[in-house]
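Have a look at the structure below, then the notes.
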Amino acid sequence: MTAVPPSPLTLRHWLREAGRPQRRGLGLAALMTTADVLPATGFAAGLALTLTAWPNRSGAIVTGILLMTAAFVVRGLVSQRAADVGARAAAGIKGQVRRGVVADLFAGLRPSGGGLIAAVEGVDRLEGHYARFEPARMAAVAAPVLVLIAIATASPVSALILALTLIPFGLSLWLAGTAAAAESRNQFQALERLSGLFLDRIRALPAVAAFQASDTVASEVERASDALAKRTARVLRIAFLSSGILEFFSALAVALVAVYCGFQLLGLMPVPIPEPLDLGRAVFALVLAPEVYAPLRRMAAAYHDRQAAEAVVPTLERRDAPTLLPAPRLGKSPTVSFRGVDIAYGDAPPVVSGFDLKIRPGQVIALTGASGTGKSSLLHLFLGLSPLSAGEVEVDGHPLSRHGDWCGQIGWMGQSTVVVPGTLADNIALSQPDASRDLIRATAEQAGLTLDLDRRIDERGGGLSGGERRRLALARAMLKQAPLLLLDEPTAHLDADAEAALIPALAAAIKGRTCLIATHSRAVMALADRVVAL
Amino acid sequence: MSRSLSPLEQLIRAEVRAQRPRLMVATIAAIGVTCGAALLLGLSGWFITAAALAGLAGPAVAHAFNYMIPSALIRLLAIVRTGSRYVERVAGHEAALQGLGRLRPRLYARLAEGRGAVKTLAAGEASSRLIEDVDAIQTRFIRLSAPWALGAGLLVSAGMAALAHVASAVALVVGAAVLVLGSRWISERWVRPAAGDRQAAQGQLKARLAELEAATPELKAWSLEGWATAEVARVADAADAAAVTLARRAGSLMSWAGAVTGLTLAGVVGLPLILSPVPPATPLMAVAALATAAGMEAALALVVALRDAGAARAASARLEPLMGEVEAARMQTPAGTALGLFPDRPEIPGGARVRLSGPSGIGKTTLIEQLMGLRVDVEGRMSAGGLDPARSDVDVRGLFAYAAQEVSLLDGTVAQNLRLADPKAPEARLWEVLEEAALAERVATAPKGLNMPIGPGGAFLSGGERRRLTLARAYLRTAPWLVLDEPTEGLDARTEQKVLHRLRARLDRTGQGLVMISHRPAGVALCDVVLEVDGGAEAAASALPVCELGQTFRSQDAQLGD
């Protein structure tokens with residue numbers, strides 16, 4: 001995306017801002033995660049009570065056992081609640097972010113393949129960050145302190161020992177985490193590429209199958225998979241290094257407290273320590289010792305969730321739309337004038353240069369010329385889909401360069417027809433969703449579409465022939481009574497008879513409207529008031 | 001056992017076998033982790049309890065207490081636990097990634113060979129299924145060590161509990177069994193359906209988004225961007241709600257584990273008190289209680305593994321119907337080249353130039369795709385090279401080089417797209433076919449030439465250029481029959497003439513047969529046999545030979561019926 005990799009601080013700032021609407025949910029999840037300290041303390045106290053009372057079999061044993069049992073029951077309920085609250089907050093944030101990505105996608109501000117992946121897989125990668133990491137991170141600040149305070153009430157020296165181990169721990173975790181962040185970003189980019197490749201190659205399955213090229217394509221997929229596996233393995237080695245460090249300090253904490261308490265209870269400490277320690281206090285401290293690290297372990301377990309989220313931030317950021325004036329409403333049949341229009345994609349030589357044309361209200365112009373002479377590009381100008389590199393296009397005197405496009409006031413029929421799953425009627429009404437059933441039927445008939453309006457159609461246009469797809473597109477363009485009608489090869493894919501049958505309908509559709517038609521067909525050209533050769 | 005395995009299961013097993021050394025390392029390390037954790041906690045508990053009692057007994061006893069061995073063991077166990085965890089993680093995940101890296105392309109190949117379900121799937125859903133389901137199968141590799149680790153951890157914990165009392169050990173084993181079995185039930189009945197729902201919802205989101213995104217220009221024309229965004233949000237909200245349901249249901253396993261662990265602990269500590277007149281020594285009770293906590297934690301690991309296994313099973317169940325059934329090696333390939341499109345007509349000999357005619361919508365494209373074995377069809381209708389292309393153990397694709405009407409291009413370079421037809425074709429050959437398709441000049445003037453990227457679906461090319469690239473690709477494949485569906489659609493008259501002139505020269509030179517669908521008069525002139533297609537789009541079609549362009553009905557039949 002950007003040439004300079006964004007700093008982790010910027011990324012975190014973005015994640016924080018994105019999470020702001022769900023602040024309360026995230027806070028609640030953090031609170032539930034922190035609340036885990038309570039049952040942990042209960043278990044420690046219960047065991048200490050039981051063991052102290054054990055030698056003389058006093059009634060306190062039963063209290064101890066009940067306390068331990070209750071502690072585990074509460075612990076289970078609390079963690080279920082934490083997971084639920086966290087997932088809800090994450091869902092809210094994901095929805096919000098996805099809306100932005102999708103809006104940019106349909107506005108034409110994102111390249112298609114990358115945009116699709118960002119909206120589905122990219123947004124999904126935020127889930128772990130908000131559902132697990134963010135609550136765990138907030139809990140990781142408060143919970144260890146609470147555990148240390150609890151331990152200090154029984155054995156201040158044990159609490160001090162544990163507090164001291166936190167310093168080297170934090171340092172080594174920070175070192176390992178920094179290295180993993182860059183790796184994680186690389187890994188996501190590799191995953192994005194693999195996912196895009198997959199989607200594309202699966203789209204091309206019909207061709208791959210026809211040419212028996214599945215081995216060729218499969219080996220290409222294999223190379224991409226391998227690259228991903230290598231990258232990911234490297235990330236994991238580093239990510240697991242930090243979890244290894246945590247495991248080490250967690251085990252060390254238990255060992256240190258056990259050894260200190262043992263020696264202190266035996267009275268064998270080399271330096272006398274003025275701490276009154278008994279069995280109960282020592283057991284309490286020992287059982288809680290690993291709990292100092294438990295919140296940090298939870299956070300570390302979710303650490304790669306944060307890295308995954310940071311890695312996708314650059315692909316999720318909103319794209320800036322150019323600031324343009326809103327397009328004014330056009331009259332019923334506007335005038336159009338092209339003056340010295342150049343259209344050039346990127347650095348390629350212009351496909352159209354110095355194009356001049358004046359169209360009177362209600363005039364029908366046929367654009368003709370060899371393939372690749374920019375007929376479609378001229379039509380795309382009105383949708384903001386081809387760049388106006390030089391010159392000006394004016395519709396009713398309003399310059400295109402200032403308004404960007406005339407979307408919403410255009411009747412369009414393109415070279416390929418969109419089919420959305422649903423009935424045929426749904427598909428026709430795409431251009432005019434509030435059209436009445438009767439109007440849809442009448443338009444379908446005009447366009448020569450004689451199929452059942454309730455016939456179901458899938459994304460690949462199941463059941464529609466090439467000709468029927470054309471008629472569907474035409475019906476759509478006819479249904480919308482737009483001021484400006486743009487037809488791009490309206491009779492392509494139709495045989496001579498069908499074309500002839502369509503011409504009267506086409507003539508009726510364009511009557512009285514300003515219309516630009518890109519076509520090779522003589523029959524269609526005959527409908528035009530003027531034929532312009534490119 | 002190996003007899004009844006489905007093709008997918010066989011594939012996965014083969015990859016598991018290939019990763020066996022790594023998986024063994026991961027398993028041994030996992031056992032080290034669970035045993036190390038249980039022993040560390042238990043030993044520490046024993047140590048301080050015994051030390052406390054020794055300290056109470058006076059300085060003489062305290063000094064006689066052997067603290068060297070336990071404290072050294074505690075440190076050792078801390079290191080063993082740490083090291084094992086690291087090794088287990090790295091080895092387990094590496095095995096998974098490598099196994100998957102090999103599994104994905106094989107899956108793709110099988111998918112491309114399967115001619116049934118996959119063609120009816122929308123691209124978005126198929127790819128999201130593929131990627132997510134394959135990822136779910138990943139857990140099968142990672143979690144292979146979990147049962148062993150659980151078994152070892154439980155054994156060690158039970159052994160430690162048995163030091164206090166046999167009843168404690170029994171309580172622990174029963175508790176762990178109840179935890180695992182109950183969790184399994186919850187996973188199957190409660191979590192697994194939610195996981196399936198979530199994945200399905202995610203697939204729907206991807207499919208819906210892909211199909212709407214492909215419509216961007218038209219959506220812009222109709223000002224439907226807002227509607228499309230809202231439509232995606234609607235599907236997405238369903239997917240997010242499914243994710244929340246899954247999280248909540250998976251969380252119920254935590255509540256179950258907490259309750260069972262609490263009751264087990266009560267049994268482990270309480271039973272010796274009730275059953276035995278002389279209660280076990282306090283340090284051993286400390287061992288038993290702490291070992292119970294560690295043992296139940298190991299059981300919880302298995303619960304998670306079971307949950308993931310459920311997701312993996314659902315995923316493989318979805319992948320199953322997408323796979324091709326018959327292995328390529330066992331496929332019959334045709335020896336001859338004659339084509340029989342209709343049961344009641346004589347076969348068309350190789351080298352003929354045939355045009356299929358009929359009104360649009362009659363099913364000409366469907367017919368030729370069935371002839372090439374690219375679409376499901378009823379058996380006994382057609383023949384290609386003496387074989388019935390509808391049969392699942394027949395592969396007639398080698399007979400045909402196909403340029404479809406619905407242009408299907410890879411997001412890659414010109415050369416990449418052409419080489420789909422012949423992976424080893426030298427550059428000179430690529431230029432030759434581009435020349436024949438009247439596209440060489442366009443490619444030659446592009447800055448990168450043959451390496452010019454054409455964009456997703458060929459978006460950087462015009463409609464006519466895409467068609468000619470598809471044509472060039474078909475020319476590159478050496479096959480007895482060239483099958484062209486509306487090859488000159490969208491081309492201007494001059495380019496069309498050029499393309500058809502060169503096509504005729506090509507056919508005259510190579511003697512390659514031609515099956516063509518074209519409405520355009522210029523294309524019609526190229527063919528010497530016309531087959532009128534008459535009938536429903538997908539149903540059985542019959543042919544009425546029509547005389548056209550100077551050919552008599554008689555001469556046509558004479559040519560066909562040898």
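Including glycine, each Cβ sits where the backbone N, Cα and C put it.
Outside the transmembrane segment (B:21-40) by six or more residues, the chain places 74, 77-78, 80-81, 83-85, 87-88, 91-92, 94-95, 98, 141, 144-146, 148-150, 152-153, 156-157, 160, 291, 294-295, 297-298, 301 with a CB less than 8 A from a CB of the stretch. Residues annotated as transmembrane segment in TrEMBL: B:21-40 (among others).
If you look up TrEMBL, you'll see B:25-293 marked as domain 'ABC transmembrane type-1'.
Annotation comment: TrEMBL describes B:46-69 (among others) as transmembrane segment. Here the transmembrane segment (B:46-69) has long-range neighbours at 282-287, meaning same-chain residues at least 6 beyond its ends whose C-beta is under 8 angstroms from one of its own.
Distant neighbours of the transmembrane segment (B:146-163): 27, 30-31, 33-35, 37-39, 42, 169, 171-173, 176, 180, 268, 280, 284, 287-288, 291-292, 294-295, 298-299, 301-302, 304-305; these residues of the same chain sit at least 6 beyond its ends, with a Cβ under 8 Å from one of its Cβ atoms. Under the heading transmembrane segment, TrEMBL lists B:146-163 (among others).
Sequence-distant neighbours of the transmembrane segment (B:169-186) (same chain, 6+ residues past either end, Cβ-Cβ under 8 Å): 150, 154, 157-159, 161-162, 252-253, 256-257, 260-261, 263-264, 267-268, 271, 291-292, 295-296, 298-300, 302-303, 306-307. For B:169-186 (among others), the entry in TrEMBL reads transmembrane segment.
Distant neighbours of the transmembrane segment (B:253-275): 161, 164-165, 167-168, 170-172, 174-176, 178-179, 182-183, 186-187, 191, 285, 288-289, 292-293, 296, 299-300, 303-304, 307; these residues of the same chain sit at least 6 beyond its ends, with a Cβ under 8 Å from one of its Cβ atoms. Summarising the annotation, TrEMBL assigns transmembrane segment to B:253-275 (among others).
Per TrEMBL, transmembrane segment is recorded for B:281-306 (among others).
Annotation source TrEMBL lists domain 'ABC transporter' at B:317-560.
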### Message
Can you work out the mean pLDDT of the predicted model over the domain 'ABC transporter' (B:317-560)?
### Response
79
